Amino acid sequence: MDIFISILSLLGFVALTGSTGLFVAIEFALTGLERSTVDNHVRDKGDRSAHAVQRDYQNLSFVLSGAQLGITVTTLATGFLAEPVLSSYFTPLLELVGLTESASGAVALVLALIVATFLSMVFGELVPKNVAITMPLNTARVVVHPVHVFNMVFKWFILSMNRSANYIVRRLGIEPAGELATARSNQELGSLVRSSAQQGGLDINTAKVIDRSLQFGEATANEFMTPRSTIAYLNADDTVDALIAKSLETGHSRFPVARGDLDDTVGVVHVKDAFAVPRAARATTLLGSLARKVPVVPDTLDGDAVLSTVRSAGSQVVLVADEYGGTAGLVTIE
């Protein structure tokens, strides 16, 4: 009879350890999934498991609370079943090496606790955790149904715990979330791009372009403009011939046109404007008559807003003004 009870206890230990693994697996699998992955899987597969994963992903707070309850209950039950049985196996062995009955009982209990904890941690938590992290979607498909049955049986208790926890969280000034946030900040996207490039999933040059584009939106006009001191410009009373000469000298195609200095900029000219003027008139046609108005933005404006201004104005150039209204620099669409 004692052997039969011991076997049943060990089988119960195995079953409870496996149950702990189910709850650990659903926890790490769902938190490792992206909303887009879940939604795409439903569209591609459309089976019962796919919809079940989507349902639990959309009710993440409830499901994770159920998983925590399941882990706690099964872990406590595992210790309750395993430790007495394992202790009964260790006690005779310890008595054989010369320990007294009371000492062997105490040592056996400690050894049983260590062995039970080790087995429960490895097979009930670490193995399912690593599997779920490696294959979150496939893991979620496998464990979602048995975990859902448990959650439905203890739904009233899980909801009570959840409401109590949410009440405390709100009292701390934090609004609880029902599911994971899927939006990513520029910093997170940049980190993801760099990581993908390092692992070979993305071309290095492509990664650099994407990373710079993400950083562009956070930079201000003052950070990426061409400073005033390095701007090559022309005077309003310069001629078209001067425009051509300046272009050949600098290699630039666009130039601000100013009266005296850049604080009084009247517009911008492109070297191609010179070819719209007859050759005979180029020596007498003033650039002030050809200059097109250019939008002006403050130097504190962020990159995305600057780009939007350039596009809405239909211009390739935008002047950057400092806090006093003077010209601080120039930004071109290139």
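Every residue gets a Cβ built from N, Cα and C, even glycine.
Look at TrEMBL and you will find 2-206 tagged as domain 'CNNM transmembrane'. The annotation domain 'CBS' is assigned in TrEMBL to 225-284. What TrEMBL records for 62-82, 103-123, 143-161 is transmembrane segment.
Listed by sequence, the residues of this chain that lie at least six past the ends of the transmembrane segment (143-161) yet keep a Cβ under 8 A from its Cβ atoms are 22-23, 25-26, 29, 49, 52-53, 56, 62-63, 65-67, 69-70. DSSP labels the residues of the domain 'CBS' (225-284) in these numbers: 23 helix, 21 strand, 16 coil.
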